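Take a look at the structure below.
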């Protein structure tokens, strides 16, 4: 099923019993988090809070959509896949686009033509009139306090925009960048844009600022759009492909865009709400603290201030929100689903990898378990260093455990068995100092810089050990078949 906008997706989820409307008045201040957290942990439906209420008890004008991607199955649906396992096909497409192989012959070349044709035919379609501009607030009418922005945790400093799809463009780039950055509400037309220096939006901003030190930098933030575009923004799309183009490929139809009223940036035409504005030179503010996906409140830091000059929206718009906290939360669920996209990408680069797993308990990316067909001494160390460096998404992975292909990376019992029986703590541990670490990781010695650990839990080859290696106990297949045949007669 392909969804042209968020409302299409909501309708399908509701039809399948995967979305529930909450008519009872609920406050965005802490209450929505409590409800969404309980529902997500129970693997429950997406939620549409129809009557969000303000602190004074009056009602906000706009409903709040939460827990949209609260199960891997809903993530797969949003990406146009029939099941979570089908996400690997999307990963295979991305792997090909990232590093296309020369055709092996005429037949192979022709077999690739439909995919290439589909990709290049998915250039966005720019329209002049769009639903997202049916209502326009400008100047003094701009008031972010009229939006039901969620205040997620008791010690959060202020309400927080969490699912804002931030649109930027660098001075030398034709394609626009889409990124998800949290934004702290500090005034009726002011948000703090918390983007880390290596993220696409921050890089665009830095390049622009070098060339235009005194010029306001245009930014747009999209709140609520079709699931393909949202998920395209968190998928490792090759630099040669725009997220809008990738969203069209997922959807099977070109992404419709409209030019912002106040800048040349383009936003999804059927978005629910769009914030248009600028970042003024040298205007920053203290951001945080906020409860985050680690399960802790993070440190404060100074980040650019986004001044909202205009808010455009559809008639009766829906405000899309989430919360982040100790796993499981929505980012952790997204990580579980996108894990299936990552596997073919890694296998394209390292064909010896048989599986790859990011345990959600590891905050989506801080720990990875990799299984491989080992071929020589030291091979596991090559794989772990390769994983750290291949995709930007794994730059902050602190721990990588490498196991043989007879170990199920998604079963902690098997992984712990491999670690405790195939590892020597001194010989098989790789420690790397002074590497990039998540800004939110307060366990690192300094902010943004810390260590990494690789655990080689593979069987050791000559050159790695002089000892005779243990043989894994295996059952006699003939006995297993025999017992299978009489099992029902044993009264067990």
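For all residues, glycine too, the Cβ spot is worked out from N, Cα and C.
In Swiss-Prot this protein carries:
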type	residues	note
ACT_SITE	292	active site, proton donor
BINDING	177, 243	Mn(2+) binding site
BINDING	180, 181, 182, 194, 195, 196, 199, 200	prenylated FMN binding site
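A straight line from the CA of residue 180 (prenylated FMN binding site) to the CA of residue 243 (Mn(2+) binding site) spans 12 Å. If you take the Cα of residue 243 (Mn(2+) binding site) and the Cα of residue 196 (prenylated FMN binding site), they are about 19 angstrom apart, rounded to a whole number. Largest Cα-Cα distance over the residues recorded as binding prenylated FMN, namely 180, 181, 182, 194, 195, 196, 199, 200, equals 14 Å. Under DSSP, residue 194 (prenylated FMN binding site) is assigned to coil, being neither helix nor strand in the three-state scheme. Residue 180 (prenylated FMN binding site) carries a strand DSSP state (E or B). For residue 177 (Mn(2+) binding site), the nearest neighbour among the recorded positions 194, 199, 292, judged by Cα separation, is 199. In sequence order, 166, 179, 193, 201, 202 are the same-chain residues whose CB sits within 8 A of the CB centroid of 180, 181, 182, 194, 195, 196, 199, 200, the residues recorded for prenylated FMN being left out. With a 10 A radius on its CB, residue 196 (prenylated FMN binding site) counts 16 other CB atoms from all the protein chains.
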